Structures are given as C-alpha cells and as structure tokens.
Amino acid sequence: MSGNQYTEEVMEGVNWLKKHAENEAFSFVFKCDNVQLNGKDVRWNNYTKPIQNEELTSLIRGAQTAMDQTEEEEMDWESEVDSLAKKQVQTFDALIKKCLFEVFVSKNIEPNECVWFIQHEWGKDQGWHCHVLLHSKNLQQATGKWLRRQMNMYWSRWLVTLCSVNLTPTEKIKLREIAEDSEWVTILTYRHKQTKKDYVKMVHFGNMIAYYFLTKKKIVHMTKESGYFLSTDSGWKFNFMKYQDRQIVSTLYTEQMKPETVETTVTTAQETKRGRIQTKKEVSIKCTLRDLVSKRVTSPEDWMMLQPDSYIEMMAQPGGENLLKNTLEICTLTLARTKTAFELILEKADNTKLTNFDLANSRTCQIFRMHGWNWIKVCHAIACVLNRQGGKRNTVLFHGPASTGKSIIAQAIAQAVGNVGCYNAANVNFPFNDCTNKNLIWIEEAGNFGQQVNQFKAICSGQTIRIDQKGKGSKQIEPTPVIMTTNENITIVRIGCEERPEHTQPIRDRMLNIKLVCKLPGDFGLVDKEEWPLICAWLVKHGYESTMANYTHHWGKVPEWDENWAEPKIQEGINSPGCKDLETQAASNPQSQDQVLTPLTPDVVDLALEPWSTPDTPIAETANQQSNQLGVTHKDVQASPTWSEIEADLRAIFTSEQLEEDFRDDLD
C-alpha cells in the first residue's frame, strides 16, 4: 500500500518510532504483589484510596480518558474487566508518571528532554505489571541501578499512601520494606560470563516498542488470557490509538526498517560457540597498542610525547605503572619480531629529499672518503648486517683512535632504528638486561670481554640465547644485529691476567671490521638524523638490496675481517662532484701548484702538438669498462667528453704557434 492510504495518526506514530529507533533506553518493570500482613490481605487492586492531590488527580483523569476512547464496541470491556481493576490501572499509571517526574527533579533533568513509553499489561502468571522505557541524553548506562533504587523508593512510598486497607503504622512500614526489599521495580540486566555480575542492558527505544509492545493484544478476559490495558507515551502518539492501528504501525515500521540486503555467512561448528565478551578496558588497551606500534613508540618518553592521553589514562588506573610497562613491552616485542633494523630505518626516509640527495657528500660517506674507501661498498655491507642478512657476521665494529667518527655514525644508526637496547658494562651480573625485544643492540666503548666472552660471541653471531635478568627469570634474545664502537683491540681476550688467543679468530669471524683512523676536524658536527634513512633509500633505489646475495653480486665476495674497503675504486668523471672537490683541494695545495709550474722538456712539446691517441673513445666508457669488470655500476657519474673533443677545444683556443711559444718560454 502507498503511504496516503493510512490515517494521519498511524503515519505520525511510525515517524515518531523511526525518529527514536536507535535511541538507547532503560527498560523498567513495575509490579505490585499480593501480600498478607497480620492476617490482612493486601491485593494488587487495593491501592485506590482517595487523596487530595490535584496533580495526581489530573493524571488519573487523563488515563481514564485514554482507556475510554480506545475501547472497541466488539469488546465488552465493562462486563469482562471489572471497574475496580480499570480504576486501579488508571491510578497506577498516574503513580508511575509521578515517580518518573520525581526522578527527573532529583537529577535536574527537564521532563521535555526525556522520551518515555508506558504500557500496563496483565499476565497469567505475573498478574498486573507495567513496562516503562526511558531515554534521555542526560542519563548514562552507569546510572541505571541508581534510577531503579530511586523509583523503587518512590513507588513503595506512594503505594503505602494510597493503600485502601486499614493498616497500622507498623504494618505500613512493613509493607514499604517488602516493596523495597522484594524489588517491586526492576531494570533489565545481563550477567557477565567472567565477572558473574549483573550489568544494566540498554534497549533500542523505537525497535522495542514496534517489535514487542505494539504486537500484543488488548486484554479482554483477565482470567483467560494476557494482554495490555493501556499505553501512554511522551509524544502522545499511542495514548488514544486503537488496537488495529497499533498493528498497522508495527507492520509499517518493520517493513521500512528492514535492511535492503541480507548478508549470509557460513560458520563452522567451532565458530558457532559464542566467543568471550571483551571488556571495555581490554578494547581500550588493544586500541592503544595498535596506535603505539603504528607510531613506533619504544620508550615511556616517546609515549608521553606522542600519545599523552592514553598514557595518562593508563597511569590513572589501579596498577597503572605495571600496565604501562607491560603494554610497552608488547609493543617492542611486536616491532622486534615483525621488523628488522633496516626496515625501521628505511620507512623514515623522506622521498621528497631523495631526488636531490648526494650520497658522496653525506657526513657518513665523507668520513669513509677520508680513508680512500668505496663508500657505497661500506654502506651496503652495513645495510646487510642491519637487515639480518650478514649471516654469522652479525656485528658492525667501528674501532680506531678517538675523534675519528665512530660514535657519531653508531649514534645516527641507533637513533634511526629507535628500538635499541644498550649493553651496560657497569652491571657485571646482568650486562644485557636492556637488550631483549630490540631491533638493534648498541655496545658503546667496548672493552675486554673477559668472563662474558661466550655470551658476546653468541650475541654477535646472531644466535638465539637466553640471558638472566635482574629480578626476573631468564629471557630469550632473538637474532639481533649489533653495532659496536671501541678504542681497544677487542679480539684480545684476557681472563684475569691470562690471554686467551683461542677467542681471537672466532671474534673476527663475527665482526664487520671498519677501522677509522682519520681524525675529524673540530667543526665536523654530528650526523643528521635524516641521513641514514636517506642512505638506505638511496641504496634500494640504485639496486643495492640489503641481502648478502646482492652484495656478492656487486662486490664479488662476502666481507671479511681484513676487507679492503678501498677496492674496487669508484671511477668519477671529470664533471663529477668528487673531481670538483679534488680540484679545489689541488688548487689550495702549494705543492700541487709548484708541480704545475715545473718546466716542460722538449719531448713534451712534441707530444702536446701531436694528435692524441684514441680520439673516439670516451673517458666515461673506459671508466665504465673498468668498473664493470669489478662489479660496480656508476649511475650517478655524468657523461665525460672524449679525448678528441678536449683536443678540439684546446686547439680552438690556442694555435700551434702560441702553444709552441709558450712551451719555449717555459723551457728557457
């Protein structure tokens, strides 16, 4: 049917229910049991004592009008339902509304801010009872039990006031105690599986009315069937609505609120078992943990800076300090098991800066260039170790004199990783207490291993071992790359006053040996925190993957203790940045200037005036041929001019007579 075939009253009822369909409401039930006090029977319909209260009288009159208007001719209401029961229902309706109003006053809530629905029913077993749905934005789920106690108190007080049975003061007090102790006002609750406690259960206001209350029949024979007497609500939609219209409202609401598509899922027998209900605290901790892992939080200080709200929330809970510690431990464990140190560094790279990034001029590579090394090869080897691809050689060792750049490189790598554990030499019994669940172990200023040499060898080779922790049991250290700096020769192990040479070669087999001997100038500065992420991104972009297979493909073999980092040399073109630096250094060197002014011998004049050899062979091609033989690719070297092009440029500027005259002057 189309909407215009229904009455305006029906459509208003449907729209009102749809408006409050998803509003969460409390579900109360009022009842009045039959009791006996000192031989006096007090039945459910003995609460009609007249009282001089205009507000209560007005409410009773309104309920009477609603009941009279909704009576249908085919139902002989007057003959089947006695007038005493009818009058009692009207009185109860007024009392329940009075209780609601008194609760609103106690909570400083305006009545027009609340939505409520009341329906009086008769059950074969329960007898008379009344359902009350209450919704308000100012009422939270936690206040449900308090509301029940308040309504129970007001309900028992009004029942004693309107009881028509002649009771003594003591019996009135007893009646009120029975009403409160027996909970003549109840609220819908559910029992938690784990805590075994009852918690208030909220219902959807509109759905509950349409699917449950409006589908019930109107009571005709109190002794033969169950049904409803009267319904009232805050919107005045169902106070005067007939039974047939109520059925239409329920049907229309059900059709309009039906989902467009019905999703079907197939569950196994195991999945049919109801899972454990998670508490709000568990859900909050899981959400916090996901945020910490996504933001790579590995220390309490990082947590305070990046997630202060969740930190304060957990700290304020009972046992908050232990909760913080355990949550942070789960976060670091997740990072240590799912990410490598190289991956943590790589994800911090700013791709917008990678385009203009010059690897040769980075501070780390400047230190390597001072030693005449192939800086790409050194960075590639370090990246393989950080990615747990170094095999048994799981440790990067920076050693040499002071002020050569060992610590600033190690510090930059550790800061880029984030989840780093430090070796504590001062803690003799538990030196590796901070090294569990980490992506990198940093050993600063390592000395003689002594009694701990076997533990060092196991950790430096990437083995899984168990270590003792202070105040705890033993804990497992998974394969973790190590970065170590020292001024001493750590391959010499002394236990007491005795040297143990049998440990020298095993220690060397576990180290990526990088010996720095060139002292840095005082204004060299620190390595920028963005440098190593860009170095790793540069290596990946140019095909230097952090695997040992890729390393051997480029450099011919795996690194050794006495690895020659200067070979193969990087061949730079004339226009490359490296050559410009060399030219600048040569111009500022007095010795190189004296060599330029050295007189030329006569055979040099003839050599300069003759055509140069291999006129069609580019310099860059010759360099590339040499580099390809060594397994090195130079993608950043700019194209250099050929010898013939250089000769043509020189001869265009200087004639042969001018060149000969200049050379003669120098010889004289």
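Cβ coordinates come from backbone N, Cα and C, glycine included.
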### Query
Taking 193-197, 278-282, 403-407, 568-572 as the choices, which stretch does Swiss-Prot tie to region 'Ori-binding'?
193-197
### Task
Write down the one residue from Glu113, Glu121 that Swiss-Prot lists together with His129, His131 as binding divalent metal cation.
Glu121
### Query
Which residue range, 212-216, 357-361, 512-516, 652-656, is the one Swiss-Prot calls motif 'RCR-3'?
212-216
### Task
Give me the mean pLDDT over the region 'DNA-binding' (1-277), rounded to a whole number.
86
### Query
Under an 8 Å Cβ to Cβ limit, what residues of the same chain, 6 or more beyond the ends of the motif 'RCR-3' (212-216), are close to it?
117, 119, 121, 131, 227-228, 231, 238, 246-247, 249-250
### Query
What three-state class does DSSP give Lys406 (ATP binding site)?
helix
### Summary
According to DSSP, Gly400 (ATP binding site) sits in coil
### Summary
Among the recorded positions listed as Tyr212, Gly400, Ala402, Ser403, Thr404, the Cα nearest the Cα of His129 (divalent metal cation binding site) belongs to Tyr212
### Query
In the same chain, which residues outside the set Glu121, His129, His131 have their CB within 8 A of the centroid of the CB atoms that define the divalent metal cation site?
Val29, Phe30, Gln119, His120, Gly123, Gln126, Trp128, Cys130, Tyr228
### Task
Find, among the binding-site residues listed as His129, Lys406, the one whose Cβ has the highest number of other Cβ atoms within 10 Å in the structure shown.
Lys406
### Task
Excluding Gly400, Pro401, Ala402, Ser403, Thr404, Gly405, Lys406, Ser407, please set out which residues of the same chain place their CB within 8 Å of the center of the CB atoms of the ATP site, keeping sequence order.
Phe398, Thr485, Asn487, Leu516, Lys519, Leu520
